[in-house]
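Listed in Swiss-Prot for this protein:
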BINDING   ARG21, HIS133, THR352  substrate binding site
BINDING   GLY108, PHE109, SER179, HIS207, THR233  pyridoxal 5'-phosphate binding site
MOD_RES   LYS236  N6-(pyridoxal phosphate)lysine
Amino acid sequence: MIWQEKIDAALDARRVADALRRRYPVAQGAGRWLVADDCQYLNFSSNDYLGLSHHPQIIRAWQQGADQFGVGSGGSGHVSGYSVAHQVLEEELAEWLGYSRALLFISGFAANQAVIAAMMAKEDRIVADRLSHASLLEAASLSPSPLRRFAHNDVTHLARLLASPCPGQQLVVTEGVFSMDGDSAPLEEIQQVTQQHDGWLMVDDAHGTGVIGEQGRGSCWLQKVKPELLVVTFGKGFGVSGAAVLCSNTVADYLLQFARHLIYSTSMPPAQAQALRASLAVIRSDEGDARREKLAALITRFRAGVQDLPFTLADSWSAIQPLIVGDNSRALQLAEKLRQQGCWVTAIRPPTVPAGTARLRLTLTAAHEMQDIDRLLEVLHGNG
C-alpha cells in the first residue's frame, strides 16, 4: 500500500463510521454566544466554564503584559524564555494549591506527556483509569513502562492491579473530573489504595481547577487529597490556555532536568502569564465564588429538566453534561437539529469515547443565563 492509499483508507473508514472529525471556523466561540457564517448560536460547547475568556481585567492584563514583555517569550525557559512573570505565576499557583513548586507548560497535553515520559522507566508500571484523557493514555502507551488500565473509578480493580508484583515504581493516573463523562474520581479512596502499595498518584484536574472547591482549588482540595503530581490546565476554568504541574521541590528539579517537552519548547508568552495571574486573582475572589455558585445553579436547572429525555444522563454535577445517545449518526443528527434551533452543541463519537457511547457533550458556563438553559431544554424536548 502506498502512502496515499493508506491515508485514503483511513479517511474512508472514518466516513463510513460517521466518525470523521471536522473543524468549523467561528468568528466568536468562547463565550455565551458562538458566531459562525454570520449566524449566532447559544454556545454549549465551550470549556470556558467560569466565563473568564472575555473578562476585562484579564484582557487588560494580557495587553499590559504585551506592552511590557512583547508578544513572545523568545525561547525555552532553559535559555531566555523564563521571565519574572512566569516565576511569579508559578509561585502564586504553588501557594494557592498548597505545593512547594509549580512548573508551567504550554498545554495540558504537553504537561501530561512530559511528566510520564520523564518519570517512568521499563521496570516501572503505570496504572491508569480506563477513561483517562488521551494525553495520559498516549503518554503511557509510548512509555517504556507497562500500562495497566483499571475499570472506570473501580478502586477494587485498581487495588488488584497494584498488588501484582512490580520490580520498579508504580504510578496511578486518573482525572479529577473526567472530560467526556463529567463525573468525578473517588480520589480519597484511590490515594489510600495507592499509598498502601507504595505508589505515587498523578491527577489531571483540567476540568476541576478553578471550577470547584474552596477558592476554586479543584477536585483534590475538595476531597482533601494531595497527589504527588497534580496537573492543572488554564484553558477551562481560567479561560486562557497553558498548564502547570504541581509537585515537590525535588520533583520540580528533576522535571527541569528530564522533561523534554519543557526543555525543548518555547515558553508561553510572558503576557499570557500576566493574564493567568489576573485570572487566578478573579478565581480566588468573591467574584469567583459568585461565578461558581451561578454555574452550580445552572447545572441544577439543566439536570432537573432532562430527566425524562430518552438519553442516558451521565452521573455528573460538573459543567460537563453529556447526553449519551449511542449511535454515531443519531448523535450527529441531534447536534445538527440543535444548531438549526440556535444551540451550538458538539457530537462526540468514537474513538474519543468508547464504541456505542456517542453523545452530545453539553457544557454549561457561568456566562450562560437561566433563559439560555430553558431554551436548550425546550429544543431538547422538541419544542423549539
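Glycine too: its Cβ is placed from the backbone N, Cα and C atoms.
Structural mapping of features recorded in Swiss-Prot.
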residue: ARG21; record: substrate binding site; DSSP (3 states): coil
residue: GLY108; record: pyridoxal 5'-phosphate binding site; DSSP (3 states): helix
residue: HIS133; record: substrate binding site; DSSP (3 states): coil
residue: SER179; record: pyridoxal 5'-phosphate binding site; DSSP (3 states): coil
residue: HIS207; record: pyridoxal 5'-phosphate binding site; DSSP (3 states): coil
residue: THR233; record: pyridoxal 5'-phosphate binding site; DSSP (3 states): strand
residue: THR352; record: substrate binding site; DSSP (3 states): coil
Query raised in the report: Beyond GLY108, PHE109, SER179, HIS207, THR233, what residues of that chain have CB atoms within 8 A of the centre of the pyridoxal 5'-phosphate site's CB atoms?
Result: HIS133, SER135, ASP204, ALA206, VAL231, GLY235, LYS236, ALA243
Query raised in the report: Roughly how many Å separate the Cα of LYS236 (N6-(pyridoxal phosphate)lysine) from that of GLY108 (pyridoxal 5'-phosphate binding site), to the nearest whole number?
Result: 11
Query raised in the report: Measuring Cα to Cα, how many angstrom lie between THR233 (pyridoxal 5'-phosphate binding site) and ARG21 (substrate binding site)?
Result: 24
Requested in this report: Calculate the distance in Å between the alpha carbons (Cα) of HIS207 (pyridoxal 5'-phosphate binding site) and HIS133 (substrate binding site), and round it to a whole number.
Outcome: 11
Query raised in the report: Do you know offhand how many angstrom separate HIS133 (substrate binding site) and SER179 (pyridoxal 5'-phosphate binding site) by C-alpha?
Result: 7
Report summary line: Cα of GLY108 (pyridoxal 5'-phosphate binding site) to Cα of THR352 (substrate binding site), in Å and rounded, measures 17
Report task. Could you measure between THR352 (substrate binding site) and SER179 (pyridoxal 5'-phosphate binding site) for me? Cα positions, answer in whole angstrom. Result -> 10
Requested in this report: Express in Å, rounded to the nearest integer, the largest CA to CA distance found among the pyridoxal 5'-phosphate-binding residues GLY108, PHE109, SER179, HIS207, THR233 named in the record.
Outcome: 13
Query raised in the report: So what sits near ARG21 (substrate binding site) in its own chain, CB-to-CB under 8 Å and at least six residues off in sequence?
Result: ARG14
Report summary line: Judged by other C-beta atoms within 10 Å of its C-beta, the most isolated of the recorded positions HIS133, HIS207, LYS236 is HIS133
Query raised in the report: Does anything in the same chain, at least 6 positions from PHE109 (pyridoxal 5'-phosphate binding site), have a Cβ under 8 Å from its Cβ, and if so what?
Result: SER135
